[in-house]
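Engineer: Would you mind keeping the following structure in view while I ask a few things?
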Amino acid sequence: MTSTAVSADFHSTFQADKRATPPSLTDITTRLHALRAGLNENLAFLPAYDRRSCELQQLKELESKLSQLRSKDKPKSRFAFSAGKSKAAPVKAEGEAPTPGSSASAPSAPTPKQSTLPVSANAATAAGPVHVISNLSSQLVRAPSDVEGGYTITLESLSSCIIDLRPPPQTSGTSGRNATPPSTAQATSIHAKSLRRCVLLVPVMEGSAIMEGLEDCLVILGAQQFRIHSSRSTTILLHVPSTPIIEHCSALAFGPYPLFLQQPEYTSKHHDVQDFDWVREGKSPNWAVLDPSNEAFAERDAEAISGLGDGDGDAS
Amino acid sequence: MGLLTIIRKNKAKSREMRVLFLGLDNAGKTTILKKLRSEDISTISPTLGFNISTLVRDGYTLNIWDVGGQKTLRPYWRNYFESTDAVVWVVDSGDRLRMSDCGSELRGLLGEERLAGATLLVFANKQDLFGAMSLEEIRDALDLPSIVSHRWIIRSCSAYTGTGLDEGMDWLVKEVAGRLYWNGLSAGPTPVQPAADAAPARLTADA
Ligand SMILES: Nc1nc2c(ncn2[C@@H]2O[C@H](COP(=O)(O)OP(=O)(O)OP(=O)(O)O)[C@@H](O)[C@H]2O)c(=O)[nH]1
Ligand SMILES: [Mg+2]
């Protein structure tokens, strides 16, 4: 089978490149892009296991190198950032009398367009830092570090990215000036749209996740609620205490959240999916359950993602 | 005495109000209602049809219809419009991606003849989230200031912390009561405290 040859070939290139990766931020980033591009080109030919193994486990190693370097170099933020007033704003109300003409002075400040502006800030009207990650391909995206408490994040138009929203690794005392007090920041709400061939890894959240327009993605996520719309060919490893919703979807696979990553206290209903396009009797053809006792899933995938177990990304 | 007057008098006497909770899916409608009733909010599932609940506030019984906001369900909203006194439009303040959908769905509602008399309360929910859109941003994104067909107000709230929920509902009850008692029937009970930072243009019931 030709795909075997292609994948073997790619595999050795990938391995060689990985070994050759020199320890400098620019080089690693460039290399990573090249690896990612190679991976993308070969994606169609690679068996699912290899794909995940490359994407998750091995790129993860590079990722941790990258983050180590980043703790020395100044990180280059990909987040739109604007420091406005704190989110702990008091309750506010605003209203107007219905009579035409009484519409006071309607402040016509233009709504800041949601965009991913690299590093620099504008849009001084926004309340607190805004985390919209959009229009990226072949990138590693980490949880933002300029957040506090439960934060919300928006992902839009990403392709071939790995988005890891686990809390950033705690810098250990040895790194001196970089030592930061443990962050209390926690991803609490996620909105995602138009993700292609992405891996999204999210810790178990208190709030909800809603996504739309996903294709060929792997989503590993815990949330109070999960909704997915207009998506296909996506695997979702989910921990959720309520019924997941799908609408206008096909070829979705739902499996359990890898419990070695995190062990929530409640039992999951990831297998109790409600399909809004399937009101008839019997099970919807648009989704399936990945049975962890199914050998095709269990060992390979568990192995492929087991490298993610030590969340601090410290390989030693 | 006109028929309308009779209807209004009867309604006022029964001290009931019919309130519709609407908004996109994931906005937090069901969570807000459970929180107002001090019920557990940790296991709520998305609403597949609708829920009915009642709340007693200020001596009024609110019959509340909480209808699911999933796209497939939105065409069914109209089934609940009849004799609605107030619409509570709930917004997920973290949902930047669908704020324009949210606005156009709201516009659609306001154009509905059967909702013509209804008071509108917009809840900018999930304000506990760091990075959520502010009340002002949401007001402008939904173009609320251009609404002249309905009495409206927008309020920040969080169903998680409970902040802002009571204030919003109190305003709503006072406002609707003022309207139902429009013909000089007995005034509503205790007046609500205006929010400290309420905008100057804030509505109050006709004296
Ligand atoms: N962070 C945060 N999350 C909230 C808040 N209110 C609701 N949520 C979460 O948002 C998700 C949606 O809440 P629901 O109450 O089910 O939303 P809904 O508007 O009833 O949705 P539909 O029934 O589908 O129309 C749930 O996971 C809630 O836990 C809030 O104030 N803050
Ligand atoms: Mg609901």
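Just so it is clear, glycine is given a Cβ too, placed from its N, Cα and C backbone atoms.
These numbers come from a predicted model, not from an experiment.
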Engineer: Check TrEMBL: it lists B:GLY23, B:LEU24, B:ASP25, B:ASN26, B:ALA27, B:GLY28, B:LYS29, B:THR30, B:ASN125, B:LYS126, B:GLN127, B:ASP128 as binding GTP. Then name which of B:GLY69, B:GLY162, B:GLY164 it lists for that same site.
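Structural biologist: As annotated by TrEMBL, B:GLY23, B:LEU24, B:ASP25, B:ASN26, B:ALA27, B:GLY28, B:LYS29, B:THR30, B:ASN125, B:LYS126, B:GLN127, B:ASP128 share the GTP site with B:GLY69, chosen from B:GLY69, B:GLY162, B:GLY164.
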Engineer: Listed binding-site residues: B:ALA27, B:LYS29, B:THR30, B:THR47, B:LYS126. Which have a CB under 6 angstroms from an atom of ligand 2?
Structural biologist: B:LYS29, B:THR30, B:THR47
Engineer: What whole-number Å value do you get for the CA-CA distance of B:THR30 (Mg(2+) binding site) and B:GLY69 (GTP binding site)?
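Structural biologist: Cα to Cα, B:THR30 (Mg(2+) binding site) and B:GLY69 (GTP binding site) are separated by 10 Å.
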Engineer: Listed in sequence order, which of the binding-site residues B:GLY23, B:THR30, B:GLY69 sit with a CB under 8 A of chain A?
Structural biologist: none
Engineer: What is the total of other Cβ atoms whose distance to the Cβ of B:GLY69 (GTP binding site) is within 10 Å?
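Structural biologist: Around B:GLY69 (GTP binding site), other Cβ atoms within 10 Å: 24.
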Engineer: Starting from each candidate's C-beta and looking 10 angstroms out, tell me which of the binding-site residues B:THR30, B:THR47 has the most other C-beta atoms.
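Structural biologist: Answer returned by the neighbour count: B:THR30.
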Engineer: Let me know how many other Cβ atoms fall within 10 Å of the Cβ of B:ASP128 (GTP binding site).
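Structural biologist: There are 25 such Cβ atoms around B:ASP128 (GTP binding site).
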Engineer: If I take the alpha carbons of B:LYS29 (GTP binding site) and B:THR47 (Mg(2+) binding site), what is the distance between them in whole Å?
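Structural biologist: Rounded to the nearest whole number, the Cα-Cα distance is 9 Å.
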